[in-house]
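So that you can see what the record holds, here are the features copied from Swiss-Prot:
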ACT_SITE  189  active site, proton acceptor
BINDING   11, 30, 105, 138, 253, 277, 279  NADPH binding site
BINDING   105, 134, 136, 189, 242, 252, 253, 254  sn-glycerol 3-phosphate binding site
């Protein structure tokens, strides 16, 4: 199968490596210099250093060539950041693409839209579209370590296409039609990972970490169901699975934000050290606003947003959460 991946960051590169042994894969990146160096060195030294790119993997900075590679029956995967999704979708408007599947997570900063809403707004409703999400660190995928993801789409044929293309020896793909649930799970877990990083950075113990992750799952579910997702989706890979990985994994950028905040660092310093803004930072403001508009109780999200944007100290965040009134666990 012909597969084009738009976005040569760590995740796009890792997925391209995983698929190149059994498909004709082209990885497109916007920066011609980065792609030329990757072609010459057979290594993406900027975004995924230390991993040799398969000889069978094609690299390009030519957008038209990358889209042409998909053909009429291939698969188009978008591995940009959420901030890059709308500009890329607009760039796709002149082309006849057979489908589109995105890997980004979050809510758009200005509009508070989910990825599927952005794609539909720009490209319309006729193109088969879906979200590929779940617990996945790029470095582990590049190593060929086991991984499981979920493809969410309201188009059954696209779900089958993605499963047949991406499912492989070290990667299992499950399918669902709950696009909203999968996208909300992938977005809100980043906020909770910041909170978990704060808990760990303050050395409050594993009991506190477990409590926060568990109550965080309740919070994700409450929010996601209010937006139209299904409860069971949040018990799966894009909910509980992604939440556990992002909150506990040492490779988690969002957890690193929380650790830095607990150490007294300013957000600007943390972002500089990371090299880019972690999605949870962008997402916290959007989710706080959406929850307030809809009257959804989001105590952990609100506490994280207060630390990020309102000047609250990390210990104040913890104190505020512990001071909440007792309640039924499922409330």
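Just so it is clear, glycine is given a Cβ too, placed from its N, Cα and C backbone atoms.
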Exercise for the section: Can you tell me which recorded positions out of 134, 136, 189, 242, 252, 254 are within 10 A of residue 11 (NADPH binding site) by Cα, answering none if there aren't any? Expected result: 136
Practice task
Take the C-alpha atoms of residue 138 (NADPH binding site) and residue 242 (sn-glycerol 3-phosphate binding site) and report the distance between them in angstrom, rounded.
Solution key: 13
Completion exercise
Close to residue 136 (sn-glycerol 3-phosphate binding site), taking Cα pairs within 10 Å and only the recorded positions 105, 189, 277, 279, are none
Exercise for the section: Give me the Cα-Cα distance between residue 253 (NADPH binding site) and residue 189 (active site, proton acceptor), rounded to a whole Å. Expected result: 12
Fill in the blank from the handout: the residue listed as 'active site, proton acceptor' sits from residue 242 (sn-glycerol 3-phosphate binding site) (Cα to Cα, rounded, in Å) at a distance of 7
Problem - Residue among the recorded positions 30, 105, 189, 253 whose Cβ has the most other Cβ atoms within 10 Å - result: 189
Practice task
Going by DSSP, give the three-state secondary structure for residue 279 (NADPH binding site).
Solution key: helix
Completion exercise
Min neighbour Cβ count (10 Å) across binding-site residues 138, 277 flags 277
Handout entry: Subset of binding-site residues (30, 134, 254, 277) lying within 10 A of the residue listed as 'active site, proton acceptor', CA to CA, in sequence order
Key = 254
